Amino acid sequence: MPMCWKLRWLVWAVTGKDIHYHADNDFLLAGICSEGQQRILYAWARNAPNLSLPEGVAFEISGNTGISSLVLQLHFGDPHHMPTNWNLANGQIGLTLEVTRQKHEKLAGVYVLGTGGSIKPNSTTFLETACVIEEHKTIYPFAFRTHSHSLGKVISGYRVRVNEPGNCKWSLIGKKNPQLPQMFYPVEQSVPVKNGDILAARCTMESDRDITYIGSTRNDEMCNFYIMYYVTDGKILEENVCFSGWPYENYWKNASPSLNNIPKDASLL
């Protein structure tokens, strides 16, 4: 895709009946759907390569899934890079998906860990989040993606298991510099996640400016760790986001109960 590296793509699956848009001050604002739920299927940025799913793995849409629409969003880091004339016919703007009616044994889903909060001026800040998997199923992560704006240096994601005495065992799912092409990279190791496990993510932010808040504009920051996974029981997770952790700075230590045995290299590549 011959696009500017500041372009970011997101594909949403929408279960609502209506997709709702409204204009305000000449800008088009989108609340993905007026009712129902939405979940991210795919995200891409910084001239990353294409995504190929593992053999036998597929996202399920339509039919009995409740997903009635797919929505493609394009986020530009600089509005001056937006094309003045959109040309869908020659592939200038678009995303190609491979679709089949064949049933797949492994159904794919995406789980997103993210934070709110802020980055302190002229310092290093650790923004962290963690959530317990409460559904009675096992997911198998096979790819991960990191996302921040300009201040992110390292984003890491883990599965955490807590034994009877309360000691945490951390298994790395993935770790990456978010300034690199933002694609779904293969996981570092095979780490099945089951009921009672904790998924945790940290964004290491380094600032050389005034305080910066988490937000949606290019002047804000973002802290996201995406996990692409598959299941073998025919149903993906109902809960697909984790934004637990206020205040997000150093949340792992301050959570109740706190997470211990935190990897010393969580912010190192």
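For all residues, glycine too, the Cβ spot is worked out from N, Cα and C.
Where the annotation comes from TrEMBL, it is an automatic prediction and has not been curated.
Reviewing CYS203, CYS242, the cysteine that TrEMBL connects to CYS223 via a disulfide bond turns out to be CYS203. Annotated pair HIS147 (Cu(2+) binding site) and CYS203 (disulfide bond), C-alpha to C-alpha distance, rounded: 9 Å.
The recorded positions in question are CYS203, MET222, CYS223, and the one with the fewest Cβ neighbours inside 10 Å is MET222.
The 10 Å shell around the Cβ of HIS147 (Cu(2+) binding site) contains 22 further Cβ atoms across the protein chains shown. Burial estimate for the binding-site residues (HIS75, HIS149): highest at HIS149, by number of other CB atoms within 10 Å.
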